[in-house]
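As C-alpha cells, the structure follows; a few thoughts come after it.
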C-alpha cells in the first residue's frame, strides 16, 4: 500500500515551479527598480536629509521645489533652467535624427537587400567599419572641420554629426528586415507598373513597420543618450543637450544629488513613454527579421 500525497504536496508539485518563477521575477523587479525608487526619493528629499548621517532611507519630509525650479526658473545662469532648455534641445535633435536616419537608412537598406549592383558587399563592409570606429578617433578631424565652417554650437550640424553613426546602424539592422521579405512582393509590384520607390513605400515599409519602429526607437535612444560629441561640439544653450546639462550639476566642490535625481527622472520620462506606447512593435521587431524567404 502506497502513501497518498498530502494536499500540500500536490499543491507544491503543481504550483511550485510557477511560484519559483514568480519569486525570481519579483526579485529581478526589485533589483531593477530599486535604483529608480532611490532616485525618486532623492529628488524629493530635503538637503538636510541627503546629508544626514546615518543616511535616511525614508525622508521625514518631502519637497517638490526642485521640480518647480526646473519648470519655473527663468535665470539663464541657473542649472535648472539650463537643464530645461537642454531637455528641449535633446528632444528636437533626437526626433530629427530618428526621422532622417529612418528615411535615409531605409532607402539604403532596401538597396542593399533587393538591388544588385557592383561592389555591394564591399560598400556594406565600409559602412559597418565607419559605424565601429571609436568616436575618440574621429574627434580631432571632425572638430577642425566644424570649427572651420562655423558649425560649432549649432543644432543642425550636431544632427548631421549624429546621423554619421546612426545611419550605418539603421542600414545594418533594416537590411535584415527588408531581406526577410519575399521577392514575390516586389515582382508583383513591378508587374503592376510600380517603381522601386513606390514598391518600397507602399509594400516593403508597411510589411517591415514593426522592425522600422523598433529600430527608430533605438535610434532615438542613441541620440537621446549621446554625451561625448555633445560635450565637445556644444558650449551654450543654443545646442547643449540633456546629458551634458546633467553633468554640469556636478560642481567643482559640491554635487547636487537632488537636482541630478530630478534630471534623471525627467530625462527618463520620454524614453519610457515611447517604449510603453510602442512596446508591441518592439517585441514584433525583435523577431521580424529572423526568417528569410
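Glycine too: its Cβ is placed from the backbone N, Cα and C atoms.
Whatever TrEMBL says is automated annotation, not expert-curated.
Predicted, not measured: the structure shown is a model, and the values here were computed from it.
Positions annotated as domain 'ABC transmembrane type-1' by TrEMBL: 87-278. If you look up TrEMBL, you'll see 20-41, 81-111, 123-146, 158-178, 199-221, 259-278 marked as transmembrane segment.
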>> Cβ under 8 Å, sequence separation of at least 6 from the ends of the transmembrane segment (199-221): give me the contacting residues as numbers and ranges.
In response: 94-95, 97-98, 101-102, 105-107, 110, 166, 169-170, 173-174, 176-178, 181, 185-186, 189-190, 271, 274-275, 278, 280-282, 284-286, 288-289
> Cβ pairs under 8 Å with the transmembrane segment (158-178): which stretch of 20-41, 81-111, 123-146, 259-278 has the most?
Replying inline: 81-111
> Where else in the chain does the transmembrane segment (123-146) make close Cβ contacts, counting only residues six or more beyond its ends and a cut-off under 8 Å?
Replying inline: 112, 152, 157, 161, 164-165, 168-169, 171-172, 175, 228-229, 232-233
